[in-house]
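Copied over from Swiss-Prot, here are the features:
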- 111, 112, 113, 114, 115, 116, 123, 124, 125, 126, 127, 128, 154: ATP binding site (BINDING)
- 1-68: domain 'Rho RNA-BD' (DOMAIN)
């Protein structure tokens, strides 16, 4: 969108320019204060070649971001909205659940406005885990607008997501230039911000933040200051801004971003990118190559995975139970811990049955008799 006019672009073209774009006049932009990223539902008319019209002009506007145009005029800018800690939990362990989503819900609960990062070495099942989380959120929370953003991914992964995930899939495959990666990511972020300004709950599942940062590093003008791994000192500012946009908004609306970060690839650049994003999220899910090598999935390192301020998402009862379970798992290796939890989850239907099933493991796992008695009483 320019100062004089704009275009409506379709998700079928990944919001890039095409011959099917719809022309929006300057008067309409000023009247309804339309911004970049607004989703508009309206009426178009056939272009008149005699007047030099090449695109379908927008004749009438019915809705902007699912709201009446008159109500959108007075909306607050995204920057002026007050961010809060996530306090409404995504129910990803109730209906249409998988073993992976139950484990995530236990150890790294997700809330509306979460800024989560899935740390994953190659071939540990990060894309599969992301797909399962997406399907569970879409099924249990139809009020949430779900966007799956695939950057620098394989074409077959894109097709798999489009066919098996109930959400909007926006992508730029690895054979596309870095400029396209950046454009697609920017328009998705702008769309999400505009929807949040109108009070909607939006979830972006990004695969991956590492490749997006690589794309920004390629297109950003050099500052003359190069970090280890060949990363420009200013190149990570924009991907940080993308990831940092996730927040829970006071008085309604939220933007949740769950992104994957790739590690242990042998690339120094990937390690530098991960270190830059390591402390920016408020939820971290760590995947372990040792677990994946033993063909145990989901390959989650339970002791290294957690959510900050989880007391806002869990009830006091569940919080106490989780504290005791973590104390039990602290004595185990990552492989033993996930195997222990997975075995018991497969035999139970809900949380209550799961908590009862681990009572039998208390005596053999807790050495101190005093600690054992206290934990048995609490569980």
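Backbone N, Cα and C define each Cβ position, glycine as well.
Recorded features from Swiss-Prot, shown on the structure.
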residue	record	CB count, 10 Å
111	ATP binding site	23
113	ATP binding site	25
115	ATP binding site	22
123	ATP binding site	11
125	ATP binding site	18
127	ATP binding site	19
154	ATP binding site	13
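Mapped onto three states, the DSSP output places residue 125 (ATP binding site) in coil. Broken down with DSSP, the domain 'Rho RNA-BD' (1-68) shows 13 helix, 21 strand, 34 coil. Residues 111, 112, 113, 114, 115, 116, 123, 124, 125, 126, 127, 128, 154 are recorded as binding ATP; their most distant pair of Cα atoms lies 29 Å apart.
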